Amino acid sequence: MLASVAGPISLALVLLALCTRPAMGQDCSAQCQCAAEAAPHCPAGVSLVLDGCGCCRVCAKQLGELCTERDPCDPHKGLFCDFGSPANRKIGVCTAKDGAPCVFGGSVYRSGESFQSSCKYQCTCLDGAVGCVPLCSMDVRLPSPDCPFPRRVKLPGKCCEEWVCDEPKDRTAVGPALAAYRLEDTFGPDPTMMRANCLVQTTEWSACSKTCGMGISTRVTNDNTFCRLEKQSRLCMVRPCEADLEENIKKGKKCIRTPKIAKPVKFELSGCTSVKTYRAKFCGVCTDGRCCTPHRTTTLPVEFKCPDGEIMKKNMMFIKTCACHYNCPGDNDIFESLYYRKMYGDMA
């Protein structure tokens, strides 16, 4: 009797398990099939991450957006996919982990929440700190024979400035005078080199976007196959944030230009760690109001290994010498990352 009853009961339990598994588990059973084209272009401030199944790169979902196993929330903003009750585990909502709120411009934002401080900046609150990225293009237009006087202007009804080509004041018998057509100082490719009817031009690297910790430095060049202007970027670290450099200033001195680092370091980027250790140079500090910034640098590739095993290679600035000066960004500059001080002598 028991045996005859156990059969139907066991079958019912198996069927119940099969029916509830898609709702309770993670839907990663499908074969990895990613789009043939390059990785998607994410909006400003949105991370490009691997989907929850480790298959394809996707734009991370933001606070309050719907999420699934294949459409994860932005981990760099402390977000996770809250699936709610155990009975519904297919679709969730991106929720912020516990973190301190931010007060910005008289408004309070939750940790993980993104907002526009103005039409020019997209900001994110993360555990009490606000980080912003520009929404307007930061491109640089170099002078050229067809546009020797480029200038950025604010146009009516538009938020971002745009490039316009001013007519030269003086004209010669053979056309506009090119007296203002000067090449910027460059390091690397020869700026006077003509290659396939292309005048190669490269600007200097901009200052690092962070005064301490990992930041970004950029430059513009047309040194490519199509002779088109493109922006290049590299990682940079002027000094570690946790280092107390003032204690290394010698008695009677007001600055320490390039402090000695006791041991090799590993760089970190968005949870990923450099494969190798580096005995890098960093810039020091002053006690008389001056700031120390990189003066001569070089660019080298650095490999980073992420927790999921992915290896990514990024170009990074390595400091050769530093200079201490009074040309410093303002202490109340909220968007200090937009401050640029040119660096010289880069060999890459």
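For all residues, glycine too, the Cβ spot is worked out from N, Cα and C.
Summarising the annotation, Swiss-Prot assigns disulfide bond to C28-C53 (among others).
Other Cβ atoms within 10 Å of the Cβ of C55 (disulfide bond), summed over all protein chains shown, number 15. The disulfide bond feature in Swiss-Prot is assigned to C32-C55 (among others).
The feature disulfide bond is assigned by Swiss-Prot to C34-C56 (among others). Listed in sequence order, C55, C56, R57 are the same-chain residues at least 6 apart in sequence whose CB falls under 8 Å from the CB of C34 (disulfide bond). In the three-state DSSP scheme, C34 (disulfide bond) is classed as coil.
Here Swiss-Prot flags C42-C59 (among others) as disulfide bond. Cβ-based neighbour count (10 Å, all protein chains) for C59 (disulfide bond) stands at 16.
Per Swiss-Prot, disulfide bond is recorded for C67-C81 (among others), and the stated evidence type is sequence analysis. DSSP assigns C81 (disulfide bond) to a strand segment in the three-state reduction.
Summarising the annotation, Swiss-Prot assigns disulfide bond to C73-C94 (among others) and lists sequence analysis as the type of evidence. Taking all protein chains in view, 26 other C-beta atoms sit within 10 angstroms of the C-beta of C73 (disulfide bond). DSSP gives C73 (disulfide bond) a strand state.
The local packing around C255 (disulfide bond), expressed as other Cβ atoms within 10 Å of its Cβ over all shown chains, amounts to 18. In the three-state DSSP scheme, C255 (disulfide bond) falls into the strand class. What Swiss-Prot lists as disulfide bond is C255-C292 (among others), and the listing cites similarity to another entry.
Secondary structure at C272 (disulfide bond), taken from DSSP and collapsed to helix, strand or coil, is strand. The Cβ of C272 (disulfide bond) has 18 other Cβ atoms within 10 Å, all protein chains considered. The disulfide bond annotation in Swiss-Prot covers C272-C306 (among others) and is backed by similarity to another entry.
The disulfide bond annotation in Swiss-Prot covers C283-C322 (among others) and rests on similarity to another entry. Every protein chain shown contributes to the tally, and the Cβ of C322 (disulfide bond) ends up with 23 other Cβ atoms within 10 Å.
The disulfide bond feature in Swiss-Prot is assigned to C286-C324 (among others); the stated evidence is similarity to another entry. Listed in sequence order, the residues of the same chain lying 6 or more apart from C286 (disulfide bond) and placing their CB within less than 8 Å of its CB are K254, C255, I256, C292, C324.
Other Cβ atoms within 10 Å of the Cβ of C291 (disulfide bond) number 19 in total over all chains. Per Swiss-Prot, the feature disulfide bond maps to C291-C328 (among others); the stated evidence is similarity to another entry.
Annotated domain 'TSP type-1' per Swiss-Prot: 197-242, in sequence order, evidence recorded as sequence analysis.
Taken from Swiss-Prot, the feature domain 'CTCK' covers 255-329, and the record attributes it to sequence analysis. When pLDDT values are averaged over the domain 'CTCK' (255-329), the model yields 88.
Annotation source Swiss-Prot lists region 'Heparin-binding' at 246-348, citing similarity to another entry.
The annotation signal peptide is assigned in Swiss-Prot to 1-25.
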Within the region 'Heparin-binding' (246-348), residues counted as helix, strand or coil by DSSP: 6 helix, 40 strand, 57 coil
C59 (disulfide bond) in three-state DSSP notation: strand
Summary of DSSP states over the domain 'TSP type-1' (197-242), given as helix, strand and coil counts: 0 helix, 16 strand, 30 coil
Among C73, C272, C291, which are recorded as disulfide-bonded residues, the nearest neighbour of C42 (disulfide bond) by Cα: C73
Among C32, C56, C81, the most crowded of the disulfide-bonded residues [Cβ within 10 Å]: C81
